[in-house]
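As structure tokens, the structure follows; a few thoughts come after it.
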């Protein structure tokens, strides 16, 4: 039977979006680029098969699922596995299948803790287990470039920014030759431009997801701040500690003057 995990609070142990994708891709040998792609439920089903062999009817899991009713079917298989192994967790299927970042990110944070509590380190071949199937990729815009970010994602579990910088450094050597080739008019320049555009599209999606993640946590902090302000006159020491944490700044940090950023930009 499974070891249940009930903690859902945000802690320092929680992984960032990039680290979470790196863990999933490395563990299951997938090419996921967005947390939202977990909405199909297929990855969770395979993780359950890894943790508890035989708990999931993996042959029935649709790794190429692209429609909501297919996602729901996968989550039904996952629910059956949870029930079989005594996992005391309600899966918010109706929210997850919508493919929203916030809902999927919260659930995968819990699932990572559940995985860590139950994984015994045994060998597992994810590709053979799913008979070579790959998960369907929703954003067709970046489909040709999916193989490129896989290496930086799986090689970095400590630096969320590393996938971005790796792609930039990889593109730099090609930019020079690309400019030189324009003069002779060789067709290779078009291929190189297309490749660079693919990398730009991947970076744009990465920035978009980072902004969503930022707004998600900022919204939580803003709600906490409002609650503290509503109860400001109660002289609650716990409340005061929360306020102190909310407004704390790094040592040596100075709020810039209104003209500060403008002057810096001009010098730049």
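Glycine is no exception: its Cβ is also placed from the backbone N, Cα and C atoms.
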Feature N6-crotonyllysine, as given in Swiss-Prot - residue among 66, 100, 122, 212: 66
Among 71, 119, 124, residue that the record in Swiss-Prot marks as phosphotyrosine: 124
Candidate set 157, 165, residue annotated phosphoserine in Swiss-Prot: 165
Listed range which Swiss-Prot flags as region 'APC-binding', given the options 36-58, 220-242: 220-242
Record-annotated phosphoserine (source Swiss-Prot) among candidates 9, 155: 155
Alpha-carbon distance [residue 2 (N-acetylalanine); residue 220 (N6-acetyllysine)] in Å: 31
Cα separation, residue 2 (N-acetylalanine) to residue 124 (phosphotyrosine) (Å, whole number): 18
Those residues of the chain, 6+ apart, with a Cβ under 8 Å from that of residue 2 (N-acetylalanine): 51, 52, 85, 86, 87, 114, 118
